[in-house]
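Participant: Sharing the record's features from TrEMBL:
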type	residues	note
SIGNAL	1-24	signal peptide
DOMAIN	29-100	domain 'Reverse transcriptase zinc-binding'
Amino acid sequence: MIRPPGPLSLMGCFLAALFENVDGTSMDNQCNTTLIWNRFCPPNVEVFVWNLLKGRTLVKEVMRRFGMDASLNPNCTFCNSFTETIDHIFLHCQWSWNIWKSCMSWWDVRYCNNNSFKEWTKWWLGLCPAVSSKKVWCILFSAIVWTIWDSRNQAIFTNKRISFESASDMIKFRVG
């Protein structure tokens, strides 16, 4: 566990736990303030992004690790080829990767494939095309991950498959 700053207090322990990731590391303050709490996204999206960056999003791998449903098929909802981890579903899955590539092409941005979603997030923040575009850039990030998550949940709970083209259009609508 991360040690609270200053003297030991209930508030200090709460704040330390609040910004601690599942793997025990501290959450990057820049990601916390700039990317998550931008006041332009609905609060439920901001909380979702916050949990995602902390590694606390309930993808199938996390649910199985916590023993939530042992009978659950651990494979990715989109490709059914790899275990559904945060890194896979939000970055490495071909369906999700096509969305990222599509959105970056709107800005004529070159991209690289990072090993982890955490690395990708830091890279994304440093990639903002212009200072004047920073708010839109952060909103775009939130819209992309929220659309991926929403599409995944629709596939699971309503058996509705969404093409990455439709998902890209939804992102344009959400950012627009």
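Note: Cβ is positioned from N, Cα and C throughout, glycine not excepted.
The model shown is predicted, which means the values in this text are computed figures rather than measured ones.
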Participant: Take the domain 'Reverse transcriptase zinc-binding' (29-100) and average the pLDDT across it for me.
Facilitator: 87
Participant: DSSP-wise, what's the residue breakdown of the domain 'Reverse transcriptase zinc-binding' (29-100) into helix, strand and coil?
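Facilitator: Helix, strand and coil residues of the domain 'Reverse transcriptase zinc-binding' (29-100) number 39 helix, 2 strand, 31 coil.
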